[in-house]
Amino acid sequence: MSRPLSDQEKRKQISVRGLAGVENVTELKKNFNRHLHFTLVKDRNVATPRDYYFALAHTVRDHLVGRWIRTQQHYYEKDPKRIYYLSLEFYMGRTLQNTMVNLALENACDEATYQLGLDMEELEEIEEDAGLGNGGLGRLAACFLDSMATLGLAAYGYGIRYEFGIFNQKISGGWQMEEADDWLRYGNPWEKARPEFTLPVHFYGHVEHTSQGAKWVDTQVVLAMPYDTPVPGYRNNVVNTMRLWSAKAPNDFNLKDFNVGGYIQAVLDRNLAENISRVLYPNDNFFEGKELRLKQEYFVVAATLQDIIRRFKSSKFGCRDPVRTNFDAFPDKVAIQLNDTHPSLAIPELMRILVDLERMDWDKAWDVTVRTCAYTNHTVLPEALERWPVHLLETLLPRHLQIIYEINQRFLNRVAAAFPGDVDRLRRMSLVEEGAVKRINMAHLCIAGSHAVNGVARIHSEILKKTIFKDFYELEPHKFQNKTNGITPRRWLVLCNPGLAEVIAERIGEDFISDLDQLRKLLSFVDDEAFIRDVAKVKQENKLKFAAYLEREYKVHINPNSLFDIQVKRIHEYKRQLLNCLHVITLYNRIKREPNKFFVPRTVMIGGKAAPGYHMAKMIIRLVTAIGDVVNHDPAVGDRLRVIFLENYRVSLAEKVIPAADLSEQISTAGTEASGTGNMKFMLNGALTIGTMDGANVEMAEEAGEENFFIFGMRVEDVDKLDQRGYNAQEYYDRIPELRQVIEQLSSGFFSPKQPDLFKDIVNMLMHHDRFKVFADYEDYIKCQEKVSALYKNPREWTRMVIRNIATSGKFSSDRTIAQYAREIWGVEPSRQRLPAPDEAI
């Protein structure tokens, strides 16, 4: 008789190895069936399409969790340096298809659903976008998570689990209307609540100075409960974690402040604490100094740092008891990347923990903090820079304000020592800005408290060093770096454009998916007639598919043989959707002037959301819809010109429109777009770019060759010269008849006959206070668009140029970006090694 098992041996039966899923069609069908009945408690008679989506999501998720647990076990064993990416936004989009792609489950799931009489694409369309971001900054964070997992980095994304993400945009009567994005209404199968890791976050209160140092007391406490989402790497069995915090009121919230009878009100008031994670602020590139937003910024930072320190102390020991007490090794085990200034309070918060709680002396704590933190800047627009009023910080975070003052004092002492007698430099570099309202400049705090500061495209990083951070660069040039943004080729090629990915793989194999530089091999096919034909065919299929989508969803008819001219991004004056509008009206006027002339047919599509309080951006949307109303109903125009506003632009819509684009509009005023990433997505998906020499466009043109790019307009130096001379819109208005005609049409109510003065604010801005100099680039833009049309008439030459663009887009993989962050900022080495699958021995 065998001896009884010891407790430890019994426990060993609880292992992920015994649960490893078999990834064949029969097993997937069985698991789908099990989840429909046992997880969702439905049978086929009452199951809705959403139930089928959830059953499939749970089936796919089963293949993630073994790898997820294994990955975290591996990190505990190896105790690598961990990377913490702190961001107020993660614009993830949908998860189902991305998970299937990265786990190599797509074909099997396709077949399984087909055998069950279900349509995979229909199920995928049911999933809500996780819209926890405004635009580029949040989407970048999502691409970075994908690349960090694919490169085997022990990385964690930390943010807020907003109950309501970016608003849904509805167009009504030509105007943008906002609707709440209740994305969690039906539940989220991809997240796992972790209530056992709930942490307290403190607000308000006051500081007491004791013999043991400063104490922050009488605070209000809000609890931060984490929800974890798995982030799979590409076919390497690595699954990292995105941890998002949700605000909860403590059980005794407000009860101690109430007299007898106040109980009900106290329970109702719990909402006030929980509002912290209620909604994403919908401002892109604009700072609005609201207390609730400051609470959100501190909330994510305070919870995250407690979590980081807990993991640092207990790491490699498989337990939650503190074991590491010495913080000397902290910067060797922890890297914190601040995605813009939104999580900048991590710097004073880490100082508070080290000095007040861990009793470290200031200089040592400051050394640890600086070596741990790094800061990414995303904008040079002055209205976007965070400058928090001192009175707000004093009330909400009194200890942090004291710490910021101390940081500032010591920092300015260093500046004074380096530049004796330069008083104005001290004023410019101070973290504290004097004025009617005293403010803290959060970018200055980030630079002082980080060992690395990076811009997100070469030209942007140069502008930082020469202009807004010039003084800081002169003090500490070694801190400043460039890390040109990138996009994940998994979502932005394999997932959204499988036809193109297949045509590429037939020629050069599949390795390009995790090594995008391999696309250069396509340069040898630029004269290959079969390849040219295949690339053109895929584009035409994508255009037909998107045209069918527009017809189905919006009842809009478009000509699939027209040039698809697309500008999709947040609506902002600096992105110059207005310049696009002026071109569209100019084209319309030319067609009307010579109705019998041949014009290359175009469908111009503009999409993007305007911040709810941004009047001019909302007027721009109204203008696009008004132009569409006139152009699309003019029989003289026919299908030679169509203007479409793409409603509710979001990640899942980008995945449909970008593969269908012929022309990508990247037309910001030179020196205003830090990088852009939409530009890269279009390039990778076989669109040609019309753009200014701004952001990453500069490097894209360099990679592809300027002759394969439609470049127009002022360079940064020209803009600077024009600023010195003084920009005068009237000069262009007087000199260019076609421009004058367009502006007269806008002024006279040609596009708004029922309300002739509807666009007076736009005209007034363009004529008298246009910071972004639309008229200065108008003429060159129109000429450049003529070159676009001329080339489009020659499909073979157009497609050859497309191939050259695709072949040179490898640099713009987020894998390259993240490998550079890893080596040059975080001090870790990326790895393409596979972890063992859950059913393999470690």
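Using the three backbone atoms N, Cα and C, a Cβ is placed for every residue, glycine included.
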Per Swiss-Prot, the candidate from Ser15, Ser314, Ser668 carrying the annotation phosphoserine: Ser15
Residue from Asp43, Arg310, Ser314 whose C-alpha is spatially nearest that of Ser430 (phosphoserine), among the binding-site residues: Arg310
Cα-Cα distance linking Ser314 (AMP binding site) and Ser2 (N-acetylserine), given in Å to the nearest integer: 38
Inter-residue Cα distance where the pair is Arg310 (AMP binding site) and Ser514 (phosphoserine), in Å: 33
Other CB atoms, at most 10 A from the CB of Lys681 (N6-(pyridoxal phosphate)lysine): 30
Three-state secondary structure, which DSSP defines for Tyr227 (phosphotyrosine): strand
For Asp43 (AMP binding site), the number of other Cβ atoms found within 10 Å of its own Cβ: 10
Of the recorded positions listed as Cys143, Tyr204, Tyr473, Ser748, the one whose CA lies nearest the CA of Asp43 (AMP binding site): Cys143
Listed in sequence order, residues with CB under 8 A of Cys109 (site 'Involved in the association of subunits') and six or more positions away: Leu28, Leu56, Thr59, Val60, Met100, Met120
